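Reading through the structure tokens given below for one structure.
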Amino acid sequence: MTLAMRQRRPSYAAVATPRKDQKGDTENKSNVKVVVRIRPENSMEQSGNHRIVVKAMNEHVLVFDPNEQSSPEYGYRHRHHRRDIRKRQNKDLKFAFDYVFDPGSANHQVYQQTTKKVLDSFMEGYNCSVFAYGATGAGKTHTMLGNPAMPGVMYLTMMDLYNRIGAVEGQKTCDIAVSYLEVYNEQIRDLLMGGKTLPVREDANNGVVIPGLSLHKPKDADELLHMLHYGNKNRTQHPTDANAESSRSHAVFQVFVRQKDRTANISAEVKVAKLCLVDLAGSERATVTKNRGKRFREGANINRSLLALGNVINALADPKYKGHVPYRDSKLTRLLKDSLGGNCKTVMIAAVSPSGHTYEDTYNTLKYADRAKNIQSMLKKNVLNVDFHVARYGEIVEELRKEIVELKEKLRFYEEGKLVMAVTQTSSVEICRLKEKLDGVFCTRLKFCREFLDAELKSRDLEWKIHRKEKCLSRMALINDNASGLADKLKKMVSSSRIRLDHFHGNRDKCMKSLLENRKTVAEIEESVKSHDNCSGDNLETQNLKLTLQLHQTSMALTENQYCVKYLTKVVKSQEREIQSTERMINSLLHLVRQQHLIIKGSGMLTSDLEGEYQLIQSMAEGREVSFADQTFTAGNQSFCLSGLLDFKSLPSGKKNNTHILKQILYDKNV
């Protein structure tokens, strides 16, 4: 055998994209939905240091027996070595399914993607079936039954079913009946009643039936779950080497729902549907389990029934096969006849282990699951038109009278509470309207406030820059008479900055006008809130409206403070740079003055006036200022005041002798 022949891939693995239901000529065709659940490794697999052979690529694709190159632990030095021909080559097969659950998935996630969607069809009158398939210890029973901490699919299905029935009980009457059976050693037992084994019959009208199987009508969800728990305790389970809690039988839980409109009539449309929840026993290898005696015989029967199931799947999945489908090869396949090839919407949950310890079992499970995707069923609603006998007309009339009494009672309660309801509804609608209007007004208000603060802070920043340029001009005039070119350039920059400053002032005034108009709207809304409060009292909705108003006001205050802090931080940094620059210039000037003083004094040209000026500079350097009688400094003589930039209590509006208080505008005590 050549190496190329050994590297062939099975043809069935060529399909690597999720398939959609093939509806064909009619919308009632439906493919079996197949999902795969990968369980976490157990303690035995972890201690055995087995290789991971199943990895979920995404929600629809998994890879079986991946190449080592795809593993993170595969080092660079291994890539140049030839493959060891003594070892089996990795299959590296990709399978696509309707959904793939990774080891971290919980039971409720499996339920959401499988049975929850099936329940929609079940309530519409379609037969449905969900069964778990896989090797022993793969997690089938955990998925279907679960435990108190993590309920399984059966428990979650029953709770959701009763919730749906409760939602439609006002329009329909729903009757529920359940049965629970197991197939053990090719014999059928009733898990709810016990007793002798039961036969399997086929009826032309009802399909596969089991004479003698008990049907129970639970009163509520708690009683139904109690029946499910009771049946699980009666199920045949024994520990084996492969699984400490191995299910030795196939369990089938059936739920029948009959729906009819509550409106009484001489004829009625009745929907009757059946839901089957199946937990299959796992296939096992005698060489692995080392079972003997009774356990060995159980395993042989389990494998025989699962082999028959596999043959049925192969026959149904092959579109070219036109021969006989071997349903009668086992009791299990006869029970699942409707689920696989009849009038039933079916979901298959394939449970697999990720460990290489169960390599062959996992491979076989994935092969059968991949084939099951191609099985198609013809769906039709189970709707019956029932014409009642004349003898029941009296009962129908009595039911109609009861319904009339119930409707009159509801009408009376409605009329008594109509006025209160109308007032309450009107009040609620008005509050909702005020709240929406308040949200819109304050959203606009916040926008204008931000635009106003942007324009105001930009204008102040520009005023500070203009002041610095003018100060540079005055200093240059004192020290250099020949710097006319640079002075002209600075004057142009100052002139351009003043034009920009006028533009900022214009934007600020527009925003101020918009804020004043917005304040009037807020005042009107507050008056509406007060009048509503006086009429309806201080209820929760009114309190909520007041809190909303306070929240918006606080948000406005926070926005202003954020802008102020941001601007003050910028001013402080600018002042720090200015102080450092001035300090360097003063130090240079003091050094130069001292040198000039020594030169003049040494040459004998030092006059008393120059000596006085020098002493004054020394006093200022020492921190002692001398003020002469003819020297007066007032705030009015200063061309620029830094405190005006830092005063946020009053923001100028840009008009002469006109100052607006921002806080009064934004948080007026009357608004």
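Cβ coordinates are placed from backbone N, Cα and C, and glycine is handled just like the others.
Heads up, TrEMBL stuff is auto-annotated, nobody curated it.
Within the listed segments 110-137, 390-417, 418-445, 446-473, TrEMBL records coiled coil for the stretch 390-417. DSSP assigns Thr141 (ATP binding site) to a helix in the three-state reduction. Mean model confidence of the domain 'Kinesin motor' (31-375) amounts to 83 (pLDDT, 0 to 100 scale). A coil conformation is recorded for Thr136 (ATP binding site) in the three-state DSSP classification, outside any helix or strand.
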